[in-house]
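What TrEMBL says about this protein:
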- ASP49: active site (ACT_SITE)
- CYS52: active site, nucleophile (ACT_SITE)
- GLU237: site 'Linear diubiquitin binding' (SITE)
- HIS262: active site (ACT_SITE)
Amino acid sequence: YKVSVAPEIDIMEYCRKEWRGNTPVAKRMRKGYEEVAQKFASIRRVRGDNYCALRATLFQALSQATQLPGWLQSEDFTTLPENLLSKYDWIKQWQLKEKLGSKMGEISDEIKECLILLRKKWKDISEIEDPVEKQDACDKLFKNEEEEYSLYEALKFLMLNTAIRLYNDDKNGRSVPVFSWLLFARDTSSNPCQLMQNHLNHIGHSGGLEQVEMFLLAYALQYTIQVYRLYKYSTDEFITLYPNDPEEDWPVVTLITEDDRHYNIPVRMCQETML
């Protein structure tokens, strides 16, 4: 199997191996890593295959999960695919991983299975109290390729569901977060159908998550995603929050990126740090 999340390595050791030269970029990256190293001792490399933003976020969320989020407990959670398909015929064009042109019934059933798996894994891992055991359970899950990719399918579908809700809220005059306007201001995603066809269907296949889709992921999971963007070191975008005005009760996961395309995971907090 391919390793999805590599074992941890000292953050500065990793930095020295990756950024040896004396170019301005290398110097900035080293400064960025030094800053991260004040909060976190180690880094885990995340496999880069266009799922890495989903992979890094979900891995971090599960690693620190102590309970099942409210939205995962709701009764209509697993009926989401059939409910949405009954209203929006175009969801039939959802592209399941490596399965082109599935029939409508199959798509609904397949996504439902993915959602059930997400709930089960989240519940199982959140109930493990011993931190070492919890980490082992996460590592094991992210070595099971079939299950892992089913979880990403579930996340992408939750992103679609969230996008539909925000789009409808805006159309009905309810207030929506600013990123929602940006999401639907793109020529390629002026409505949820286009968002699915031109963006969500490609995540993991031919592209990763764009900036504005990081906001969508955060809203879908009701998590604040805090990202150290190393190439933005010494600007006010060095630490970026998705969303930028997070709900107070949302848990926080932290990621690292050198280029807004590939994400790795910082681990082992040096001291308790609050947002």
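Note: Cβ is positioned from N, Cα and C throughout, glycine not excepted.
Curation plays no part in TrEMBL annotations; they are all automatic predictions.
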All-chain count of other Cβ atoms within 10 Å of HIS262 (active site): 18
Among ASP49, GLU237, which are recorded positions, the residue with the most C-beta atoms within 10 angstroms of its C-beta: ASP49
Other CB atoms within 10 A, centred on the residue listed as 'active site, nucleophile': 24
Those recorded positions of ASP49, CYS52, GLU237 having Cα within 10 angstroms of HIS262 (active site): ASP49, CYS52
